[in-house]
Amino acid sequence: MNLSILAALALVSFSTASTEQQSPLFSHADRSPKSIIDASPFLSLHRDLVSIPSVSGNESAVGEFLASFLESHNFNVIKQPVEGRTSRFNVFAYPSSAPSKPSILLTSHIDTVPPFIPYSVQYSDNERDIVISGRGCDDAKGSVAAQVVAALETLAENPSAPLALLFVVDEEVGGAGMRAFSFNTTLNPSPDSPSSLVDGYKTIIFGEPTDLALVSGHKGMLSFHVHVTGKSSHSGYPWLGESALSTILPALSVIDKLGDIPVEKGGLPSSEKYGRTTVNIGRVEAGVAGNVVPAAADADVTVRLAAGTPEEAMDIVLAAVANATGDNPHVVVKFAEGPNGGVGGYAPQDLDTDVPGFEITTVNYGTDVPNLKVYEENDVKRYLYGPGSIHVAHGDHESITVAQLEEAVKGYKKLITAALERIY
């Protein structure tokens, strides 16, 4: 038996043990959090991933670690370069012993939002209730570790399982990592042009913090920037200038309410599945001093779409701004551009939930799901699932429990099993 299988079996023995089997063979004083983490190959992998800073744009170190780990566990690894300010790459891996090309893809992201927060553990009398903290422990290195372990356990039980792993960069910023993978005809081939490595994916399992629920879909997104040009003057003589701030405020007031206004009255659409479209004015900047009439004003806005397309939402926003400002030519709305030109963003994403045994939910946050091109001819199933809560992701109190991590391995294996049943 080779070392990779032994390692996989070690992971199996930990993560599939019942609560009773893991019960206190040691007293509270005998079991420190460090010893508990050190004793588990799975929790140690999660610790090592979280301990490596990987804020978007600086993912190379964690990518190298993950690539080395997978190679040591009998995976062939491809480091796919991703354009950017620094040299960074996606990690694509498939088992070297698999007799067939991969058709089941497990994927998550290895970048995090800033700032880096060191790994730490809070002890609990029940080992499964131990709380792990640190940047990325929840979003999304919990999913990364659980997907790796689920794949290892599956391969230990079924060495011919046609699995592949993909861990991308830049998900938290613009999705450049997933788009680079999506456009790669060797790693993500079309049905008309199969590659020597991959025939085509039948199932794609995305990892994000979903509280262990299977997600039936998430809202779409549209981002834009509002810029207003005015004319500066002394604040004692404001009529000599033109306040850009006074011009932008009515526009922002209308934009802020678009999700609450019915479509027939010029608002953004809602849906039964996703509720209402929400608008967030995330940044406003104007002027240089309190005693100067501001010559410029800017705002950044993000819209979470409950229905419709980005193009339709763009038209609604432009009409609302024109109406609020009297079609002022000094007011410019610039929308984020898509990778192939045109307006960026995406419509709501509907996902599959046909595997029994999961709670079903929808989420409001965005993912890499729309950045990965799938081919209808392949009859692709797309699942979104993972440990941890989005409510603590990105915050200074980001955390996850051992129980959630362990349950996620079982959940990913259940999804893999369903995917295998579709193939065989």
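Any Cβ shown, glycine's included, is placed from N, Cα and C.
Going by Swiss-Prot, these are the annotated features:
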{"type": "SIGNAL", "residues": "1-17", "note": "signal peptide"}
{"type": "CARBOHYD", "residues": "ASN58", "note": "N-linked glycosylation site"}
{"type": "BINDING", "residues": "ASP139, GLU172", "note": "Zn(2+) 1 binding site"}
{"type": "BINDING", "residues": "ASP139", "note": "Zn(2+) 2 binding site"}
{"type": "ACT_SITE", "residues": "GLU171", "note": "active site, proton acceptor"}
{"type": "CARBOHYD", "residues": "ASN184", "note": "N-linked glycosylation site"}
{"type": "CARBOHYD", "residues": "ASN323", "note": "N-linked glycosylation site"}
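Here the features listed in Swiss-Prot are painted onto the structure.
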residue: ASN58; record: N-linked glycosylation site; DSSP class: coil
residue: ASP139; record: Zn(2+) 1 binding site; DSSP class: coil
residue: GLU171; record: active site, proton acceptor; DSSP class: coil
residue: ASN184; record: N-linked glycosylation site; DSSP class: coil
residue: ASN323; record: N-linked glycosylation site; DSSP class: helix
- Item | ASN184 (N-linked glycosylation site) and the residue listed as 'active site, proton acceptor', distance between Cα atoms, whole Å | 17
- Item | ASN323 (N-linked glycosylation site) and ASN184 (N-linked glycosylation site), Cα-Cα, nearest whole angstrom | 44
- Query: For ASN58 (N-linked glycosylation site), what is the tally of other C-beta atoms lying within 10 angstroms of its C-beta?
  - Reply: 18
- Item | Residue among recorded positions ASP139, GLU171, GLU172 with least C-beta crowding, 10 angstrom cut-off | GLU172
- Message: Name the residue among the glycosylation sites ASN184, ASN323 whose Cβ has the smallest number of other Cβ atoms within 10 Å.
- Response: ASN323
- Note on the structure: Rounded Cα distance, in Å, between ASN323 (N-linked glycosylation site) and GLU172 (Zn(2+) 1 binding site) is 34
